[in-house]
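Participant: Take a look at what TrEMBL says about it:
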- 515-710: domain 'STAS' (DOMAIN)
- 77-98: transmembrane segment (TRANSMEM)
- 104-120: transmembrane segment (TRANSMEM)
- 127-146: transmembrane segment (TRANSMEM)
- 166-186: transmembrane segment (TRANSMEM)
- 193-213: transmembrane segment (TRANSMEM)
- 249-268: transmembrane segment (TRANSMEM)
- 280-297: transmembrane segment (TRANSMEM)
- 334-353: transmembrane segment (TRANSMEM)
- 365-382: transmembrane segment (TRANSMEM)
- 402-423: transmembrane segment (TRANSMEM)
- 459-484: transmembrane segment (TRANSMEM)
Amino acid sequence: MVEPVGNHYVVARRVYSENSFDEEHEKLHRYHKNFWDHLKLYFRCSPQRIKKVALHMFPVVSWLPAYRFREWILSDIVSGINTGLVAVLQGLAFALLVNVPPGYGLYAVFFPILVYFIFGTSRHISVGPFPVLSLMVGGVVTRLVPDDAAGNGTATNTSAIDEQRVMVAASVTFLSGIFQLLLGLLQFGFIVIYLSHSLISGFTTAAAIHVLVSQLKFMLQLPVPGFNKPFGIIYTLESVFSQITDTNIADLVTSLLVLFIVFVVKEINDRYKAKLPAPIPIELIVTVLAALISHFAKLEEKFKVAVVGKLEEGFQAPVAPDAGIIQKCVGDGISIAIVGFAVAFSVAKVYSIKHDYPIDGNQELIAFGLGNILGGSFKGFASSTALSRSGVQESTGGKTQIAGIISAIIVLIVILAIGFLLAPLQKSVLASLALGNLKGMLMQFREVGVLWRKDKYDCVIWVVTFLAAVFLGLDIGLATAVAFELLTVVIRSQIPSCTTLANVGRSNIYRNRKDYTDIYEPEGVKIFKCSSPIFFANIEFFKEKLISAVGFNPLRVLRKRNKALRKIRKMLKKGELQVTPKGLICMAHNTQESDDELDNNRMEELDEPTDTTDLPIQINWDAELPPGIVVPRVDIHSIVLDFSAVSFLDFSAMRVLQKTLKEFVRIDIDIYIAGAHEGFLEKLERCAFFDEEIKPSMFFLTIHDAVLHILLKKDIASSPKLKLAEKGSSNDYVITTSNGLRSRESTIPAETKF
């Protein structure tokens, strides 16, 4: 019974062990589905299930019929046009990161949008190239088709190299799409949980550094080869600085000017986004102006600047991936698939929370997988979502993926009709536009200080991820970062937080005894808490901490007692000890014998429970013992283990725990376990954890139940801290706390006040 009294409350109930609670309250026996039950349910076929699966696999069927045409169409058209213009420019710019001709970036933009419109679940993200993914694909391209393969650099050789590189990019994109599709079909959408925010932030920041370094050759127009290997960034910088005197000044000035303008306008967009009806399309403005200036000023002829050149009109025939290339880049395909999904899903999740609609991680994997398969077949490269492009689509009023289709139409117009207008555009302008989109990623450096103050483990993960990705490369760096992140989880669970608790405020609340002054610790009782699962890797640590908390090793005490009993028996047999009403009196002067002589090659017997049935007197181990017999004193009689934070206990740890508890029980210390979660007791019973020494009756609902049981069992009437008064029936008690809490039990004849 619970009685509220103002901001206080009174609780009336029994002291419950797990067994007594189950006896008093009938427990439902639920049937828990096993693997085969779930499998049968998953493959069950019915008209309703077919409809549900169809709606799940094709989300467009769900939201398109409910589309509010009059309310949303204008917003989606405006958003689609703005997003499409940005997508065209980013597609051209990110193609430079992949080391393929710029025109292929348009294919990487166009096809994934069409697929995502049908299969995707987010209404606001803009699908297409992402600088990190583009750089990862570019790393594979330069590794398999290096720059030095161009020989004398003739147009024929350059064209052949471009074709090879396009094929490599398309094949690794196709492969990453296959991986994403398989992960989605196998319901592995949860895999993204292993990429924490700190890891993704450190990785994308490192990728931004790689993007910055990779674009230097276009900004300075230097023939810098690709170095896709550990410490490749250092070799790239070395190559850049060794040729720095050959810099094309016109390209450098153009790049710096474009960068300055883009950063300033983007800052204005961010600062005044609440007042602007739409972000200023600075990329479009700069591109148009740069193309016009380059065309009319004939910069290519006068200053030898590198330009985009003629873009092929229309689409190329789809191609099958190269099996030889796929065999060489399986690991890269997995990395690209996971990173692309992780970035896209994190962005989609932000918008789904903001606009209150659900997204499905498994369906997102399927959508991106099919998009990359189709894009790779048409010689595009890996797609995900760019943060800035998705921001444009959402901030300009986009309501659904109709905006995505409109943006795809804009890209289609460029591919089929007006691509030739971009031919005089300098590559250094595209490089600057690519760098202009890195501001958000580079600003993530500020997270290091915040993470250090809030969680040092996360801060270390960020730093290690960043350094590994920068110096080892994005592929090896990602694998290293994930391994390190999982290692920190192992370390944290292997070294759990173990504390000794005490009663706080004379109530039913128990906290770390080191943190409070108004505490009560029942005499002879230790309350020990482990705030972690207990398994094979941390059970020894748990045991060491428990022994440290109680102040003695139970096995050592047990062995000392058994040795003492052997010696007592031997002395009684020789007549060196005499039994008196006051205890044992030593009649001999020299009773020293070596432990080796006493052990007599029977060490295993020392670990058995003490047996005094054959002795004429009961041994009191806390009293004075005969000379020459030394046994460590034990000043506690009960231990309460708080398992409320122990989510699981594996079989290896269970065996060690059982052995440890038996060691305490054998030296007459009562063990109680409190707060164990549902199913814990049943698992122990299945694993034959209980026997004559370890019994289910040691389990109690709460720490307070266990402590009250101990106090009543040990004759609390003699305790100066507790005053018992005859009241009620055989198990009733009332606890009045300093904060007004009264807890009343029905079945103990006592009123207990702390």
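Cβ coordinates come from backbone N, Cα and C, glycine included.
Keep in mind the model is a prediction, meaning the values are calculated, not measured.
Looking at the shown structure, can you explain where the listed features end up?
Facilitator: Regional average pLDDT for the domain 'STAS' (515-710) in the model is 85.
A Cβ distance under 8 Å defines the sequence-distant neighbours of the transmembrane segment (77-98), meaning residues of its chain 6+ beyond its ends; these are 104-106, 108-109, 126, 128-131, 134-135, 137-138, 141, 165, 169, 211, 214-215, 218, 278-279, 281, 283-284, 287, 308, 381, 386, 388-389, 392-394, 396-399, 402-411, 414, 422, 425, 427, 430-431, 433-434, 437.
Proximity of distant same-chain residues to the transmembrane segment (104-120), defined by a Cβ-Cβ separation under 8 Å and at least 6 residues beyond the stretch ends, is recorded for 57-60, 87-88, 90-95, 98, 126-129, 166, 169, 173, 311, 315, 363-364, 366-368, 370-372, 374-375, 378-383, 401, 404-405, 407-408, 411-412, 414-415, 419.
For the transmembrane segment (127-146), same-chain residues at least 6 beyond its ends with a Cβ under 8 Å from one of its own Cβ atoms are 87, 90-91, 94-95, 97-100, 105, 108-109, 112-113, 116, 120, 161, 164-165, 168-169, 172-173, 203-204, 207-208, 210-211, 214, 225-229, 325, 328-329, 332, 335-336, 339-340, 343-344, 368, 371, 381-386, 389, 404, 434, 437-438, 441, 473-475.
Away from its own ends, the transmembrane segment (193-213) comes close to residues 97, 131-132, 135-136, 233, 236-237, 240, 338-339, 342-343, 346, 434-435, 438, 441-442, 444-445, 447, 451, 458-459, 461-470, 474, 477-478, 481-482, 485-486 of its chain (Cβ-Cβ under 8 Å, at least six residues beyond either end).
Within its own chain, the transmembrane segment (334-353) is flanked in space by residues 121-125, 127, 130, 132-133, 136-137, 172-173, 176-177, 179-180, 183, 189, 191-192, 195, 197, 200, 203-204, 359, 361, 364-365, 368-369, 372, 382-385, 387, 390, 394, 474-475, 478-479, which lie at least six positions past its ends and keep a Cβ under 8 Å from the stretch.
Sequence-distant contacts of the transmembrane segment (365-382) (same chain, at least 6 residues past either end, Cβ-Cβ under 8 Å): 57, 95, 98, 100, 104-105, 107-116, 118-121, 127, 129-130, 133-134, 136-137, 166-167, 169-185, 188-189, 315-316, 318-321, 336-337, 340-341, 344.
Within the chain carrying the transmembrane segment (402-423), a Cβ under 8 angstroms from the stretch's Cβ atoms is held by residues 67, 72-73, 75-77, 79-81, 83-85, 87-88, 91-92, 102-103, 106-107, 109-110, 113-114, 116-117, 126-127, 287, 291, 307-315, 393, all 6 or more beyond its ends.
Away from its own ends, the transmembrane segment (459-484) comes close to residues 132, 135-136, 139, 194-196, 198-199, 201-203, 205-207, 209-210, 228-234, 331-332, 335, 338-339, 447-448, 451-452 of its chain (Cβ-Cβ under 8 Å, at least six residues beyond either end).
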Participant: When you scan the chain for residues with a C-beta under 8 Å from the transmembrane segment (249-268), skipping those not six or more beyond its ends, what do you find?
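Facilitator: Same-chain contacts beyond the ends: 218-221, 280, 282-283, 286, 290, 299, 303-306, 426-429, 431-433, 435-436, 439.
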Participant: Which bits of the chain, at least 6 residues beyond where the transmembrane segment (280-297) starts or stops, bring a Cβ under 8 A of a Cβ in it?
Facilitator: 82, 85-86, 89-90, 254, 258, 261-262, 265-266, 268-269, 305, 307, 421-422, 424-426, 429, 433, 436
